[in-house]
Structures are given as C-alpha cells and as structure tokens.
Amino acid sequence: MAQHGRRYVRAFISGFFVAVPVTVTFLDRVACIARVEGVSMQPSLNPDARGESDIVLLNRWRARNYDVQRGDIVSLVSPKNPEQKIIKRVIALEGDIVKTLGHKNRYVKVPRGHVWVEGDHHGHSFDSNAFGPVSLGLLHSHATHILWPPNRWQKLKPFLPVERESVQND
C-alpha cells in the first residue's frame, strides 16, 4: 500500500515539473489574461467605471511578430514608466500622418518601427498625444477577447473611429 502511494506522489511530482515550465512558457510566449483598470478605454473596455473591471485575453504571439493593424487594442510597456503596462488602441502605423488631439493643427508622421496609440476615452487617456509615437518593441500583446464579466464576453475586433483615421497612409 505504501509503495502504491509513493508511485502516485512520484507521478504527481514528475507531472508538476513538466507542467510548470510548459505553463510558464505558454504565459510568456503565447497568451495570458489581464485585468483592465481605469477609464481610458471606455466605452470599449470597462464601460461602467463603478462596476467590475474587464478581464481580457492577451495574445502575446502577434505582438512578438509585430503583427499590428490600425484599430487593434494592444497592451504595451508605458514609455514613461517601464514598470507599468497600459492598454490602448492603435490609431496609426509607421509612415502614417496623424492629427494630434489637444494641439491645434499639429500633425505627426509616425516614424519607422513605431505606432501611434490612443485611449478611446479622449481627455482621460495618457497616450501618444502626450508621449508621441511608441516603438514596436514596447508592444506586449494584443487584446483579443473580453473574458469577464460573463455578460461582456466577446471578441475584440479592430475598430478605428472615423474621426481618428490617418490624414495620410503610406
């Protein structure tokens, strides 16, 4: 009987030592989940500021390959605070010319290897209008689905507000 118990313990330990590296690699390279805090992406994410925070599925694989399109919602390392990750919408890609918000008649050409990101809730978002174009190297992942709360479960499709379309696309 004791030998039978040891076999289960040994199987559990060996399974544990296989499962942990596989899980860590998956979360580091493929996908993970994150809770969205704040109001900067309202109404797309966290539409009710007093309610539950949205929990989103983040696809890390696409970000690693710099597979970015206008309208994608992405998670990125904050250019102002490397300890913080922020979530924003891609408005423009390299070579695009964008009219900035909050600056009269100011136009910016997005440099090579960069994107222009903004929150959906203008005036309540710390985004490219404050810190400029963002290096593709700061992208962490793409938000692909809202997982929680259950009544908000949905796929996040790329969407670009008409008023935020680029002035010129290369």
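Just so it is clear, glycine is given a Cβ too, placed from its N, Cα and C backbone atoms.
Per Swiss-Prot, the feature transmembrane segment maps to 12-31; the stated evidence is sequence analysis.
The active site feature in Swiss-Prot is assigned to SER40 (among others). Within the same chain, residues at least 6 positions away in sequence whose Cβ sits under 8 Å from that of SER40 (active site) are ILE86, ILE87, LYS88, GLY119, ASP120, HIS121, HIS124, SER125, PHE126, ASP127. Under the DSSP three-state reduction, SER40 (active site) is assigned to coil, being neither helix nor strand.
Here the Cβ of LYS88 (active site) has 25 other Cβ atoms within 10 Å, regardless of which shown protein chain they belong to. The active site annotation in Swiss-Prot covers LYS88 (among others).
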